[in-house]
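As annotated by Swiss-Prot, disulfide bond applies to Cys97-Cys189. Feature annotation from Swiss-Prot assigns N-linked glycosylation site to Asn5. What Swiss-Prot records for 1-25, 76-99, 161-197, 258-270 is topological domain 'Extracellular', and it gives sequence analysis as the kind of evidence. Per Swiss-Prot, the feature topological domain 'Cytoplasmic' maps to 47-54, 121-139, 218-236, 292-310. Look at Swiss-Prot and you will find 26-46, 55-75, 100-120, 140-160, 198-217, 237-257, 271-291 tagged as transmembrane segment.
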Amino acid sequence: MAEMNLTLVTEFLLIAFTEYPEWALPLFLLFLFMYLITVLGNLEMIILILMDHQLHAPMYFLLSHLAFMDVCYSSITVPQMLAVLLEHGAALSYTRCAAQFFLFTFFGSIDCYLLALMAYDRYLAVCQPLLYVTILTQQARLSLVAGAYVAGLISALVRTVSAFTLSFCGTSEIDFIFCDLPPLLKLTCGESYTQEVLIIMFAIFVIPASMVVILVSYLFIIVAIMGIPAGSQAKTFSTCTSHLTAVSLFFGTLIFMYLRGNSDQSSEKNRVVSVLYTEVIPMLNPLIYSLRNKEVKEALRKILNRAKLS
């Protein structure tokens, strides 16, 4: 019977928020507005970094890639979410669901690795300032980012193959805003031990491994800051606050979503958290890095002054 059901599954039906039809239009307009702010804010960050020579430092090189990933990350999920709200549900073919799942994992994994690299960048800037420029040369930066992209590709391939070799039976309805692992696991049946082990290995390799790099980097940073005069401690640590804020928001939602047991999974909670990491956090990142960064604010001021003069 499971095999028959498996052969009949040719599409999935996304039904998130369909139980609240009166909220469909307000949520559609809200999420559309947030998506536009996300795209414009992150593209503005990328343009600022490309145009201002003061922002050609390693940290901003990594930040430009993070901004690009945030645009891609949101663009994979938000248009689908808007379609679900507008049409009160949306059908997604098996292949399209797998493709969305792969791209979401790809961009999300790269986000994790980039945040880890940015923590390493802050470690070098604070703990090894004399060697900072010589270690993070242009070639080194390109190699690190290329490594993040390759690791993201491998992670996405492993996770997607593991998830979509599972047997799906029963209902094909997904009470979620896009094709993601927690709701898909609720549709599985039959033997899935090997795939679940691979999925767990992915979660350990991407999320906790990135967090270990971040935590170790900041441990060394804190130790280094404790060794400098009290008057300079706040100024030195302020260079890390933007990154720490972004890390706390991003990894906090990922841990809640992916590192809990299946018994703790709630459709409503998962939907709220998914909106946080697909819409809210990518929208806030440009604000976090610009409002708390003097160099970015100065670059923005220069461009605005040029626009006024022209």
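The backbone N, Cα and C atoms fix where each Cβ goes, and this holds for glycine too.
With the fewest other C-beta atoms within 10 Å around its C-beta, Cys189 stands out among the disulfide-bonded residues Cys97, Cys189. The stretches the transmembrane segment (100-120) and the transmembrane segment (198-217) are in mutual contact, each linked to the other by at least three Cβ pairs under 8 Å (pairs 6 or more apart in sequence).
Away from its own ends, the transmembrane segment (198-217) comes close to residues 109, 112-113, 115-116, 119-120, 122-123, 155, 158-159, 161-163, 181, 247, 251, 254-255, 258-259 of its chain (Cβ-Cβ under 8 Å, at least six residues beyond either end). Under the criterion of 3 or more C-beta pairs below 8 Å, with sequence separation of 6 or more, the transmembrane segment (55-75) and the transmembrane segment (237-257) do not qualify as touching, having fewer than 3 such pairs.
Remote same-chain residues near the transmembrane segment (26-46) are listed as 17, 63-64, 67-68, 70-71, 74-75, 78-79, 81-82, 85-86, 275, 279-280, 282-283, 285-287, 289-290, 296 (criterion: CB distance under 8 Å, separation of at least six residues from the stretch ends). Under 8 Å from some Cβ of the topological domain 'Extracellular' (76-99) lie the Cβ atoms of residues 9-18, 21, 24-25, 27-28, 31-32, 34-35, 38, 107, 160, 164, 177-179, 274, 278-279, all in the same chain and six or more residues away from its ends. With a threshold of 8 Å between CB atoms, the same-chain residues lying at least 6 positions outside the transmembrane segment (140-160) that come near it are 58, 61-62, 65, 98, 101-103, 105-107, 109-110, 113-114, 117, 181, 198-199, 201-202, 205-206.
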